[in-house]
Amino acid sequence: MEANQAGSGAGGGGSSGIGGEDGVHFQSYPFDFLEFLNHQRFEPMELYGEHAKAVAALPCTPGPPPQPPPQPPPPQYDYPPQSSFKPKAEAPSSSSSSSSSSSSSSSSSSSSSQAKKMDPPLPPTFGAPPPPLFDAAFPAPQWGIVDLSGHQHLFGNLKRGGPTPGPGVASGLGTPTGTPGPLTTPSQTPPGPAVGAACDPTKDDKGYFRRLKYLMERRFPCGVCQKSFKQSSHLVQHMLVHSGERPYECGICGRTYNHVSSLIRHRRCHKDVPPTPTGGTPQPGPALPSLGLPVSTASATASSDPAAVSSGPSATPATPATSTDGNTTPAAPPGVAMPPSATTGGDGPFACSLCWKVFKKPSHLHQHQIIHTGEKPFSCSVCSKSFNRRESLKRHVKTHSADLLRLPCGICGKVFRDASYLLKHQAAHAAAGTPRPVYPCDLCGKTYSAPQSLLRHKAAHAPPVATEPAKDGAASVPQPPPPFPPGPYLLPADPSTTDEKATAAAAAVVYGAVPVPLLSAHPLLLGGAGNGGAGGPGAGGPSKTFCCGICGRAFGRRETLKRHERIHTGEKPHQCPVCGKRFRESFHLSKHHVVHTRERPYKCELCGKVFGYPQSLTRHRQVHRLQLPCALAGATGLATGQGTTGACGPGAAGTSGGPADLSYACSDCGEHFPDLFHVMSHKEAHMSEKPYGCDACGKTFGFIENLMWHKLVHQAAPERLLAPTPSGPQSSDGGSSGGGTDASSVLDNGLAGEVGTAVAALAGVSGGSEDAGGATVAGSGGGTSSGAERFSCATCGQSFKHFLGLVTHKYVHLVRRTLGCGLCGQSFAGAYDLLLHRRSHRQKRGFRCPVCGKRFWEAALLMRHQRCHTEQRPYRCGVCGRGFLRSWYLRQHRVVHTGERAFKCGVCAKHFAQSSSLAEHRRLHAVARPQRCGACGKTFRYRSNLLEHQRLHLGERAYRCEHCGKGFFYLSSVLRHQRAHEPPRPELRCPACLKAFKDPGYFRKHLAAHQGGRPFRCSSCGEGFANTYGLKKHRLMHKAEGLGMPGTGGSALAGKDP
């Protein structure tokens, strides 16, 4: 009997659901409440009225519970048990309800007979039970005519006055926290106003909407970027953008995200590969590791799961691995390091073991390593040509289909090979006043303005795709879709061109929402696997049913397809209210706002550099991550000396001596050095190429870390990155006495080359409370504590929870602040930082030029600017007498007379007169140019450029003009030649001076000269000009006439003063 009452309480007697009496605030959830209400189903008003009358007739005051008979202890629930509820004695029929499954298995035959009464009880005023209003999964609604009963556990205790639910009406869960708790009796119900027929609905509705308005207000602002949010949980999720944390990890592939919605969206890629727990067979329902855990716990879970480890990207390096989209990724050959397993490390960096190049994702590293191996796994089935990248294969396939896909314009008849170019061409007709052509449907006559819209419409007329019955639980195999009908914008196929190459090349047009395997030989174009196209039986990834009718690209969501189609149509619906610039995506518009506001809320904690976008800050942080000792040790293969704890030992973690106490050895010659900085400087002696150059002095380096340290020389002399910190209790073998595993043991287990794992171990994010891959604890106590601040600064004593936070903080003590502000006394390390700080004391630009109106911060800047309006040239050359505005211009000019080229390139021995010219020249050597011409020895970066160059030696003119048949070597030459065949442009004549122009740009500049003022005047004749360029040309005329200018002596060369 008690079990039945408990089941009744679970069905309708809980007091903490939506219709409960307590006034706890509405719980925070990451979605908009009003958006949720807009997507609910509505029930007929008549049915709700009948049910409301039935519920209102029930008594409002619960009676005392009866004494339960002795029964065995209740079973353990997987969900929170609910409080029992029993009405008054005058309604005996309402005391019985549906029994739970647990009571039917343990009670006597009398209780089993009561379990057969499954219908909900009704008050005695009803002669017959009313018809069922709702399904079992969706009980009667509690808030008007909106059915919210299926989502009561999401809304906590936000209540609205209404009829008290009866025993047969569900009212939510009894324990909002989701943990099992004790049963709640009616005497424990919190006090509140009486509800029922005597309640005032108007007064309670006011309170309800007042609470709803409280929830809709944005009361939680961000302290970094001042963005505000409605709920505190949204603010917590937003702060991950500034901190860079990615706590949600995928249990299958190991990718991490900073929002749970991004992880859920990513999980759709693995929906055909369900996670297999350690039991063997897949379990029904979503498991906790499959939904993603924070990195501190998910990594340990994934590492203990054999199935999860086997699904990582580097589980089977000897065999080709299958990616999430179903395509086969070639395995790395022997000698090439595979990226670290996604279940053991963070999100990077991943270093190449051959060239030490660092990548953020393991897929990028694997794609890069194909360059070293020379492997070309992607081959064309038409001409058997191989490529090392999938994108190169996609571009190559289009060359085979170029003869078939010729799309004519319906207005002028011009033919295009790409539908996107056709749409842009038709937009030019629309801008000129010519209406764009429409595309009618052959079946119903409906017209559309874009061809892809017609293709989606024709999918509705197509018959449904027949499927074969599944065998042994396997997925059903779709039948081949109907052939693609000839569209109104496609030319009919020529029967003479239907050979094997043309048939294979024309294989990829997607018809509506049904993927047609046009390119069956190249399923990579449609994102499928095997030869079955995007939806074939071999596809291991999710089906992409929404395909673009122009380029054939497939998408999994209709919204993504609509956004993609804007690329072809050129539609830009989002416009900037300040400058009027339009964008395709709202995200691009939000990024564009930084141009007008000049806000840079994202600041690097290491160097203080500010950025306007979080992506720029994330890319910038990768530069500093290479300064970590473990990152350097893992990326360059440094060997530690004997008797030390290694690069990742306690010394690096700030628990023992500083870097000077460690001995680092060069892996090439074995020479020992006190710290990593000297090792990196020494290893450059073994390198032949030094691609990183300093823009200030021209010195080159082999590592970008050395270049970063060198740039501090131009500002201040840097101290060491890692200072000694107080050491904690250590064991005799150098490890932590608390029993934790230090990072050196992790490196000894084969992870020394995996930079991402070493960095994650230093940051303390992969070991949970024990931190199996982290560093030892600083301070008192031998054990580790996940909540304590473990790393302390030896200079100021500030402590941090993670080692990365300590390294970030030590930059404050790294540089010497020698330049002080004369107004506030604040010191800075560089002159540029001091200049930026001085501007904060100036409220406005108070120095204005009386000639042109330009404003300046300081009087010295104004005086230098006023030289443009006068004849003053204080810096003159002693050889030719030419005058200059600035001394820097004079130093550059003197090279013309001396002929000195003091800057020499160390690679090709070429000399330059200026250091900036040498720095620009060195960029050519930094980029590899492996393609060499056998005839003249000229090198190129890409093979396509080499093939285009070799046409000069062969005399082949591959590009010909369509009008006159003249041949050219380059495409740019034929495009420039075809302008002569175009009709002459209309002559643009100025209405003020009747001067004619052919170029609209020059015409607009000329009109601006009439409309604006002429602040630049000649001192000889008083004529004014709109810019300095016109004034300079005018001065040359005076020189030729012999009028003379001050200090020139009649020399024509002196007229070239800048």
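Each Cβ is built from the backbone N, Cα and C atoms, and glycine gets one as well.
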The annotated zinc finger range in Swiss-Prot, which must be one of 752-774, 959-981: 959-981
Range among 248-270, 639-661 that Swiss-Prot annotates as zinc finger: 248-270
Segment assigned the feature zinc finger in Swiss-Prot (from 27-49, 487-509, 510-532, 1016-1038): 1016-1038
Candidate ranges 194-216, 378-400 [criterion: Swiss-Prot lists as zinc finger]: 378-400
Helix, strand and coil totals (DSSP H, G, I; E, B; other) for the zinc finger (875-897): 11 helix, 4 strand, 8 coil
Averaged pLDDT score, the zinc finger (350-372): 79
Inter-residue C-alpha distance, Lys801 (SUMO2 cross-link) and Lys1039 (SUMO2 cross-link) (nearest angstrom): 74
For the zinc finger (847-869), the number of residues DSSP places in helix, strand and coil: 11 helix, 4 strand, 8 coil
Intrachain residues whose Cβ lies under 8 Å of the zinc finger (959-981), provided they are six or more past its termini: 948, 951-952
Intrachain neighbours beyond the zinc finger (574-596), with Cβ under 8 angstroms and 6 or more residues off its ends: 563, 566-567, 612-613
The zinc finger (407-429), counted residue by residue under DSSP: helix, strand, coil: 11 helix, 4 strand, 8 coil
